[in-house]
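See structure below.
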Amino acid sequence: MGALSPLDPSSFSRPEQAIIRHISLNLNVDFEKHVLHGHAKLDVDVLEDINSLILDASNLKISSIEADDGSKLQYKLGEHIPNMGSKLTILLPKQHIAGEKLKIKITYTTDPQASALQWLDPEQTSGKKHPYLFSQCQPIHARSILPCQDTPAVKFTYDAEVTAPEEFTVLMSALRGEARSNRTTFRQPMPLPSYLVAIAVGVLESRTLGPRSRVWSEKEEIERSAWEFAETEKYLQAAEKLCGPYEWSEYDLLVLPPSFPYGGMENPCLTFVTPTLLAGDRSQADVIVHEIMHSWTGNLVTNRNFEHFWLNEGFTVFLERKVGASLINDSVEAKRSRDFQSLLGLQELSEAVSVFGASSPLTNLVVDLNGIHPDDAFSRVPYEKGSLFLRYLEDQVGGPEVFDDFLRAYLTKFRKKSLDTEQFKAFLLEYFKDNQAIKQVDWDSWLHKSGMPPIIPDYDTTMTKAISALLVKIDDSNASLSYEDVANFTPHQMIHMLQQLIDRPALPLERLAALGKEYKVNGNKNTEILYRWLRLCIRSRDDTKLQDVFHFVNSQGRMKYVRPVYRDLYAWEDVRARAIDNFLKNEKYMMHVSAYTLRKDLHLDEKTKNTE
Ligand SMILES: CC/C=C\C/C=C\C[C@@H](O)/C=C/C=C/C=C\[C@@H](O)CCCC(=O)O
Ligand SMILES: [Zn+2]
């Protein structure tokens, strides 16, 4: 398949030879053909003497490649490796030496099946009248919408000019310039990795949330969205208090149609979120805080490749919980709440480890992605094991008073850069060189051993005590359940309780029905609660709830919910065939990454396609 980058097992490009510094995009959005068509002009710094420039591309139809003077350049597009794309080698007419600058213009069209793009028919939108387009480039799908060095080791600035039919709004992960008739311009003056290039095109409305924020959505969701995310500026200010100034100027939110596969995606200047966050109680604000924290960890300081994904996600979860706690005035309550969220995370980590198996190398903090697509390695492990490791380090060196300063020093040192775990370790050891406790850290176990972390912090369990007591009551078949039992629970305590039940032996059907009714979880509007309730129903083999289960997986595409539900259905032999059938019928409405991962969860191969 041609040599891969020595810096990144998921890229063909060779940024150590020549590196992209800026990209100018000029694209037309064609809703008829489901393609983007136009050109990308690349500004490249030559770092070593080269005769060719190697890029990543996936199913791009290239019509021409030109040098700065307009002369045509020869190129070779390697064979298409499924899920990896092709190596694009641009042959330079003469040798270019280190220090030179190159300008290259590539004219191309994307494939209608581009893995980064989802083209929605009007019926898949809330308004039902207009089509919609959105992208998801993380981890390595940017190559399906632009030829680039598709590795987070490379950061570039970009500008764009996008044309789309007149009634549509075009948004990108950048500062929006003028929008005149059918043409919108953008500029992103901060360097970012390719996986943070993003585009969305739909008939949208917006509401102001704060001095630097707006929320965008279709008109059907706009009022609910404006209410749900009204506290965005408060979160931004709390984040800045911990991490320093927000450097991306604007922080907007875009509420996508239900098929968006993630809770949120930290596209700079414009976080993409799932509409499942619209719980009507602001209880999923932690997702917004999480995405805001990526403005520092992930977007400003970036993992060098996805083997070090924990540097993005572990740090972000760690900061999310610190900032979440800082929003609580009472310091004792704040600590309790932070530890409670961490305990919830520990449950999720434990489930992720058991899905892969405790000896799976994919449960290591640092993974080996040679021959493995990052989408196949994705789980809660880098999020929760990573955050837990940082919490352990924080406790070890003397607590937040000491560690918060380290965090700011780390963000300053690696600002606008990409790094790997060894660089993080070296920086931390140098920073704490006079701190004896740091010498006790068993780096090898934390970073390179599989399974649960070697040490679990001594979390405050005050907020879980009531839950543990309630679980004893639920187990006692003589005790009757009533809403009083949970009336004082926060949504997160409810979630924690349901998650504990998922991890225990299935409830008898009668007990399950009483719990669903009395605790008002059956049909709950909060998807975090509903998701766990439906899993409990599957665990108890309650076939009267199957219609609700299928409705849930068909009405939204957040993989955090859909994948475990399908895995549970697969494990229920009597409904396995029905689950597969339901998936095949709905696959065409899913984004590439959802269909790709669900096929694996359901043990389907490419041949099993619904041809209806
Ligand atoms: C060790 C893992 C190695 C590689 C994984 C790298 C990328 C994984 C890829 O599948 C992309 C992930 C994108 C995630 C975007 C947002 C998430 O943080 C959302 C979390 C889940 C949710 O809340 O719905
Ligand atoms: Zn994240």
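Any Cβ shown, glycine's included, is placed from N, Cα and C.
The peptide binding site annotation in TrEMBL covers Gln136, Cys137, Gln138, Pro261, Tyr262, Gly263, Gly264, Met265, Glu266, Arg558, Met559, Lys560. According to its DSSP assignment, Gln136 (peptide binding site) is coil.
Summarising the annotation, TrEMBL assigns Zn(2+) binding site to His290, His294, Glu313. Within 10 Å of the Cβ of His290 (Zn(2+) binding site) there are 25 other Cβ atoms, across all protein chains.
Sequence annotations record features per position, and here TrEMBL assigns active site, proton acceptor to Glu291. Annotation note: Glu291 (active site, proton acceptor) sits in a helical segment as assigned by DSSP.
All protein chains included, Tyr383 (active site, proton donor) registers 25 other Cβ atoms within 10 Å of its own Cβ. Per TrEMBL, active site, proton donor is recorded for Tyr383.
Annotated domain 'Peptidase M1 leukotriene A4 hydrolase/aminopeptidase C-terminal' per TrEMBL: 462-602, in sequence order. Note on the domain 'Peptidase M1 leukotriene A4 hydrolase/aminopeptidase C-terminal' (462-602): mean pLDDT across this stretch is 97.
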Assigned conformation of Tyr262 (peptide binding site) - DSSP reduced to three states: coil
Spatial neighbours of Met559 (peptide binding site) that are distant in sequence (at least 6 apart) but have CB under 8 A: Pro261, Tyr262, Val593, Ser594, Thr597
Spatial neighbour of Glu313 (Zn(2+) binding site) that is closest, considering only the recorded positions Gln136, Gln138, Glu266, Tyr383 and their CA atoms: Tyr383
For Glu291 (active site, proton acceptor), the number of other Cβ atoms found within 10 Å of its own Cβ: 26
Other CB atoms within 10 A, centred on Gln138 (peptide binding site): 27
Recorded positions near ligand 1 among Gln136, Glu266, His290, Glu291, Tyr383 (Cβ under 6 Å): none
